[in-house]
Amino acid sequence: MRQTLAAALLLSTVSAPALSQTIYPIDRAQILTGAMFDLKVEFPGLAEPGKISVTVNGQDHAQALGRAATYVAREDDKDQSAVTLRDVVIDKPGRYVVKATDGVNTREVAWDVYETAQPRKARNVILFIGDGMSNAHRVAARILARGIQEGKYKGKLTLDDMPAMALVSTSGVDSVITDSANSASAYTTGHKSSTNALGVYADRTKSTTDDPKVETITSLAQRRLNMAVGVVTNTEIEDATPASMVAHTRRRAEYDVIVQQFLDQKPDVIMGGGAANFIPKSTAGSKRGDDQDYVERFKDAGYAVATTAGEMKAASAAGAKKLLGLFNLGNMDGVLDRKFLKVGSVKRYPEQPDLTEQVKSAIEVLSKNDNGFVLMVESGLIDKFTHALDMERAIYDTIMLDNAVKVAKDFADQKNDTLILVLADHTHPVGIVGVMHDDMDGPAPNVELRDRLGIYAEAGYPSYPAPDAEGYPNKVDVKDRLALFSASFPDYYETYRPKMDGPNNPTVAGKEKGTYAANEIYAKSPGAQLRPGNLPKDGNSDVHSAEDSLLNAYGPGSEMVKGSMDNTDVFKVMAHALALGTAK
Amino acid sequence: MRSHSEPRSNPPKLRLSRRRALLALAAGLASGGVRTAAAAPAVLDFADLYEASGVLGLKFSPKLLSLKGASVAMQGYMAPPLKAESDFFVLTREPVSLCPFCSSDADWPTDIVVIHLRRAAQPTRYSDPIAVTGVLEVGSATDAATGFVSQIRLMNADFRIV
Ligand SMILES: [Zn+2]
């Protein structure tokens with residue numbers, strides 16, 4: 001999901017009349033030995049340099065951390081002083097109490113600096129993220145892809161069939177509800193962040209590039225272990241989840257900045273949609289703000305560039321060491337559209353690869369590195385379709401994620417040296433409430449659609465055809481369909497059926513600026529029912545929810561996955577598996 | 001704006017035949033009403049703007065290029081304009097669920113057409129299909145007032161609700 005930043009920034013700067021200083025990293029931060037981070041102390045008002053003291057375990061910070069922090073008297077031209085120390089590294093594990101005072105107010109936070117044990121358990125780590133994937137998506141995917149009879153499934157999803165499992169809590173620094181930026185950032189850095197922020201703690205200043213940074217797993221794996229790194233998605237590559245592998249910005253919407261950060265960090269494999277921010281502004285289809293050609297820049301940096309499945313496979317088979325795959329100007333199409341309905345932008349881009357093919361090619365390129373690899377794979381449209389109340393498309397893309405996990409698991413089984421993690425970055429408030437039956441209670445239009453929703457015993461079972469070899473029923477508009485609803489919605493027309501002509505677009509801009517109205521196109525669907533929204537009028541889609549994500553894990557290092565975990569613990573699991581914190 | 005964009009989806013299409021019929025009708029009305037004796041404008045569909053494919057940039061279609069400078073008629077939806085009474089708005093293939101100008105990022109569809117009206121007008125309901133006639137301009141241009149970059153524009157245009 002993509003949020004406008006104005007509101008969030010406003011909140012972060014206007015709210016919280018700080019009573020005492022704010023210290024970043026925050027209290028209870030867990031920090032990997034050897035990982036870089038920026039220390040920042042924000043004083044509530046003007047603080048005189050002579051009266052400021054920042055200590056670490058009782059010792060002046062300059063001595064404890066090797067360098068003195070930089071003082072700014074008036075941040076953003078306001079009566080607010082701050083000190084910042086960039087690129088701090090702590091090599092010795094233990095509890096670090098940071099105490100900051102301006103002579104009047106004093107605040108202290110404690111960090112837990114942890115090391116990782118040798119020997120390294122995993123050579124490779126593959127982190128699968130089903131963006132917004134919730135329990136209902138998984139269960140629906142299992143029903144469609146494996147079948148169910150007399151209450152028993154005829155098979156398990158690949159992601160069901162893993163030895164380790166945990167619940168992962170997802171809230172951020174600023175809010176109990178998270179977005180895909182700070183939630184993914186927790187996985188890739190081990191630090192909490194705030195809505196719309198990636199690889200930073202969101203500070204109070206207006207600038208979106210000065211916030212205190214934390215190091216990504218990409219940087220750590222490259223810098224400390226010379227590993228290969230890959231980022232694979234079917235959304236725009238600049239979108240929050242894939243961007244979290246490289247980005248440091250307060251504002252996830254700054255795609256041009258994120259493209260530059262990909263180039264700076266140079267992951268060996270970069271694949272997804274989002275070509276619009278790689279091509280010069282004057283080229284039709286571009287969304288860049290300047291005339292830079294980043295496709296050329298990546299080529300100059302040694303990347304093979306692929307724009308179709310065929311080019312991608314050829315490049316990985318030919319031994320490309322670095323591969324940039326851009327398969328759509330915007331988000332790639334979902335699997336239901338690509339393989340079955342042929343709508344969306346499939347006609348314009350008929351050769352977009354499947355996520356399974358992307359994973360195969362990525363592993364082919366990355367596994368050439370003798371030091372192993374870290375790969376993030378996102379099935380990102382689960383979230384986008386769920387926002388748009390397009391549940392069938394979200395379910396098909398969940399099945400696709402499971403197929404991609406199967407590719408990785410088959411690779412892992414060759415040597416048992418790869419840790420696989422599968423989870424969501426956050427959930428949606430979705431549930432399977434029954435089964436729609438077109439022929440319930442006689443022929444249409446005599447019966448309202450809501451009375452064709454079978455609940456409890458009348459739900460029975462859906463009538464999707466048996467899945468094909470990849471787990472997809474080849475028909476989605478069957479007469480007995482799973483009814484999957486979100487508990488959060490804007491004004492929209494509920495049509496109780498899959499959208500066969502293209503992805504759902506439930507709302508359009510409303511009369512009043514910044515508001516939304518139900519898209520009247522759907523009023524024409526027989527029996528459509530206007531549902532007045534239960535969300536604020538400036539919301540145009542279903543929203544994220546605060547429930548825990550399910551995490552499944554497989555391979556060496558997965559034994560740490562159990563019980564109830566915090567999202568920052570997911571980074572720790574990967575760091576421990578790779579022994580990423582062992583001083584080099 | 002609390003919430004966000006989302007799938008820059010291509011929602012359900014009206015049937016082409018019907019759409020073309022409506023469009024032709026509307027174009028006829030528009031040209032009959034306000035235009036001078038010029039021939040009926042050529043009908044241009046959103047599907048006609050670009051050639052298929054082109055991940056690294058869209059290519060103008062031969063049809064589009066052949067109509068450069070000609071009076072054309074298009075049907076689409078008005079995206080919410082910058083201000084209430086405006087002589088400048090974006091025409092989209094499907095109704096958009098966000099305001100490109102309010103949004104911090106360029107999250108509008110790729111195949112948009114910028115409309116410069118003959119005279120400022122009040123916006124329509126954003127879910128109403130509209131028919132626009134104007135003189136076709138093709139090529140990258142940046143609007144001086146807003147910085148909005150466009151590839152295809154209809155100048156000196158009129159529109160009506162279909
Ligand atoms: Zn989202």
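Every residue, even glycine, has its Cβ placed from backbone N, Cα and C.
Annotations in TrEMBL come from automatic prediction, not curation.
These numbers come from a predicted model, not from an experiment.
Residues annotated as active site, phosphoserine intermediate in TrEMBL: A:S180. In the three-state DSSP scheme, A:S180 (active site, phosphoserine intermediate) is classed as helix.
Look at TrEMBL and you will find A:D131, A:D383, A:H387, A:D425, A:H426, A:H544 tagged as Zn(2+) binding site. Taken residue by residue with DSSP, A:H544 (Zn(2+) binding site) is part of neither helix nor strand, so it is coil.
Secondary structure at A:T241 (Mg(2+) binding site), as computed by DSSP, is helix. Within the same chain, residues at least six positions away from A:T241 (Mg(2+) binding site) with a Cβ under 8 Å of its Cβ are A:I129, A:D131, A:S180, A:A184, A:T233, A:T235, A:M376, A:E378, A:G380, A:D425. Residues or ranges marked as Mg(2+) binding site by TrEMBL: A:D131, A:D239, A:T241, A:E378.
What TrEMBL records for A:527-547 is region 'Disordered'.
For A:1-20, the entry in TrEMBL reads signal peptide.
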State the count of C-beta atoms found within 10 angstroms of the C-beta of A:H426 (Zn(2+) binding site), not counting that atom itself.
28
Specify the count of other C-beta atoms within 10 Å of the C-beta of A:H544 (Zn(2+) binding site).
24
Those binding-site residues among A:D239, A:E378, A:D383, A:D425, A:H426 lining ligand 1, judged by a Cβ under 6 Å from any of its atoms, are A:D383
Residues of the parent chain within Cβ reach of the region 'Disordered' (A:527-547), under 8 Å, 6 or more residues beyond its termini:
1, 132, 134, 170-171, 176-179, 386-389, 426-430, 444-445, 448-450, 486-496, 506-507, 510, 512, 514-516, 518
Chain B contacts from binding-site residues A:E378, A:H387, A:H544, C-beta within less than 8 angstroms, listed by sequence, come out as A:H387
Students should find that the Cα atoms of A:H387 (Zn(2+) binding site) and A:D239 (Mg(2+) binding site) sit apart, in Å rounded to an integer, by 15
Please report the DSSP secondary structure of A:H387 (Zn(2+) binding site), reduced to three states.
helix
Inside 10 Å of the Cβ of A:D239 (Mg(2+) binding site), count up the other Cβ atoms and send me the figure.
30
